[in-house]
Structure formats: C-alpha cells, structure tokens
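Per TrEMBL, these features apply:
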- 12-40: transmembrane segment (TRANSMEM)
- 26-158: domain 'Tripartite ATP-independent periplasmic transporters DctQ component' (DOMAIN)
- 52-69: transmembrane segment (TRANSMEM)
- 90-111: transmembrane segment (TRANSMEM)
- 131-151: transmembrane segment (TRANSMEM)
Amino acid sequence: MKFLKNLDRLVNFVIGNIAGILLIVMMIMVNVTIFSRWVFNINMHGYEELPTILFIVFVWLGVILVVRDDNMLKVDFFLNLCRTARAKEILHLISLIISTVICGMFTPLAFNLMMTHIKRGTVSPAVGFSMWWVYASVFIGAFGMTVYYMVNVCKSVRRLRAL
C-alpha cells in the first residue's frame, strides 16, 4: 500500500510539473505569435499549430489529475434528488463504474490510434512535427483515467461500507 501511495505521489508530481511546463510554453508561444503578427507584421507560417498540439497534450495529461481527485465536471441533479448519504454514494458509485467501463473501452482504441500513427509516420501539416506523441498523450490520459477511476470505485465502495 505504501508503494502505491508513493507511486501516486510520483505520478502527481511528474504530470503536474509537465502540465505546468506545457502551460508556460504554450503561453510564451501564443504571446510570441501575437507579438510578431501585430508589432512586426510577420506571419510565422505553421507556428500557430504548435500551441494547439501542446494544448492537446496538456488536456490529456491534466485529465489524469482531475480524475485522480475525482473532480470531473458533474451534474448533481440526480444526486440532489437522493435523500440519504447512502443513496448518494450508491449513485456516485454507479457513475464511477460506468466511467471506468467507458474509459477501459477507450484505452485500447487510443493505443491502436497511437500505433497506427507510429506506423504511418503521420506529421502535422504545417510544421511537419511527428504526431505520434500527441496520440501517445491520448493513450496515456485514457490509461491514467482508467486506473484512477478504478481507484475511485474502490474508495467509493469503502465509503459505502462505512455508511
């Protein structure tokens, strides 16, 4: 159990720092693009797609941390209809199980997508940047979401037993 907690801290540290660095780099790239276009009247052809690519990676890595803390956007309408804490936890557990199954089904599809782009050698249209690592972030995000949804299911079952 201690190993898993240390692994969780490591994942949180690594992904959190990578996401922070990506956010800073994206901000710099967007500001350089705006500055060059409006001050120097220079269009940096193709450069605009790099912040978009970084944003995609940022989102797919960041979603792991969001699921880790069970902070996904939720509509609490049905939870608010439940009168007892036990009923709310049962409904929450059902939603977690559904999310786990869907992410579990999506993960192999994301892996196949990544492998397809590795085999094809897909590059971005403007800059010619290799796209497989962008699709790798989709796979890593889907895998991380699946793992943390399973963890959240276990936590929800524990809370349900305590009620």
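Cβ atoms are placed via backbone N, Cα and C, with glycine included.
Worth saying up front: this structure is predicted, and the values here are computed from it rather than measured.
Mean pLDDT for the domain 'Tripartite ATP-independent periplasmic transporters DctQ component' (26-158) in this predicted model: 91. Proximity of distant same-chain residues to the transmembrane segment (90-111), defined by a Cβ-Cβ separation under 8 Å and at least 6 residues beyond the stretch ends, is recorded for 72, 74, 78-79, 82, 135, 138-139, 141-143, 145-146, 149-150, 152-153, 156-157, 160. Listed by sequence, the residues of this chain that lie at least six past the ends of the transmembrane segment (12-40) yet keep a Cβ under 8 A from its Cβ atoms are 47-48, 50-51, 54-55, 57-58, 61-62, 64-65, 68, 144.
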